[in-house]
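First up is the structure itself, then whatever we jot down about it.
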C-alpha cells in the first residue's frame, strides 16, 4: 500500500503513522474497501477524495478507543479540589467550564461529572463539553451503556452509585449523562470551538504522543487557546516535557499531571485545601443551586494492593494496606523523598512487590526521571505481567520516546489481559 493514505490521515487528524504502525492503517483501508465491495486501491482513493463521509469512516476504522472510567484517579481528585477553590471567585456569575478531548466513548467526561458530584458540587455549578473526531464513538458515548472493560481497578463504588445493571452491561444514570454535551471536533481545525468561551479546565490526555513534533506544537497552542489564562490542563504522564517547552508547568500535585501557564503557576504552588466556609459562599451565590453536604471522599483506586510477593522465609505477613496508604498520603502531599523512603522500607521488609515498584515508577515519572520510571514499571510487570496501569504508563513513555512498536506491544498485551478478564 502506498503512503498516500498515511498522508491523508496526517493532514486530516495529525496522525503520525509510525505511532500506530503502517499495518494498522493498511488494515483499516482494506476493511473499508471490503465494506464498499471495492478491490482496487486507486478506485478507493477516488472514493475518499470525493466523499467526506468516507474519509470519516476511514478515520473511525483507524482510531480505536482504549479508555476506562477514572483512569489516573488522582487527576479527578485534584480536579474536585481545584473546582472548589475556583468557585468562590466566580461569584455565581457563571458555571465552571470543563472540556474533554478526545473524549472517545465517554468514560473520561463522565468520570469528570461523577467526580464533581461525588465531591459535593451541585450539578448547576459546572458544565462539561466533550469532543472527538469520530462520530461513531460520540454516538456510543451518548448512549451511556458500558461493558466490563470500562470498569478497572478495585474501587468500583462509583458504579454502584451512578449505574444500573442492564442486559448490555451497565447503564449510566441520567443525572450524569445530561451534564455532558458531546460533539464532533478536530483539533487541527483552525475554527475549533471558535464561538465558545474558554474553559477553566481542559483534559487532553495521551493524544499528543500520536503526533509528530510540529503537529504536537500546533495542538498545544490550540489547547492553550481553548484554556482560560488562569485555567488548568490535564495531560498524560508522558506528555509533561512537551508542555514544559510551551510555557506551561505542573502545579505541584503529584500523580495528577496538571499544568498551568508559567505566569499562573509559581514553582511549587499547590491548590489550597477547601475550607469549611468556602462552600456556603458558593451556595449563596447561586439561587437554588446549593451544594449538598459532601460525602466522605471516595477512596482512590490503587492497583492490586494485596498482590505482594512474600519474602523467601515464607512467614505470614500482616496486611500492608495501611502502609500503602502512607505512601499515597506522602505522595499526594508532595513529599516525594519521604514517599520513596516508605517504598524502600516496604521492599526491605517484605521483598519485591509489583505495587511498590509501580509507585516508584510513578514517583520517578512525575520527577521527569523517565529511564528510572521505565525500569520500575518493568520490575512491576515482571512480578505482575498484566498490571494494567504499569502497562499503560510504560507504553506512554515508550511512545513519547519514539518507540512506537514497543508501545503497541504493551497496548496489545494490556488489551489481551482485559479481554481475558472481561
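Using the three backbone atoms N, Cα and C, a Cβ is placed for every residue, glycine included.
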Subject >> Per Swiss-Prot, 67, 71, 108, 186, 187, 205, 206 bind S-adenosyl-L-methionine; matching candidate in 118, 132, 230 >> reply: 132
Original post:
Where does residue 187 (S-adenosyl-L-methionine binding site) sit by DSSP, helix, strand or coil?
Top reply: coil
Subject >> Residue counts (helix, strand, coil, in that order) that DSSP gives for the repeat 'TPR' (354-387) >> reply: 27 helix, 0 strand, 7 coil
Subject >> Residue among binding-site residues 108, 132 with least C-beta crowding, 10 angstrom cut-off >> reply: 132
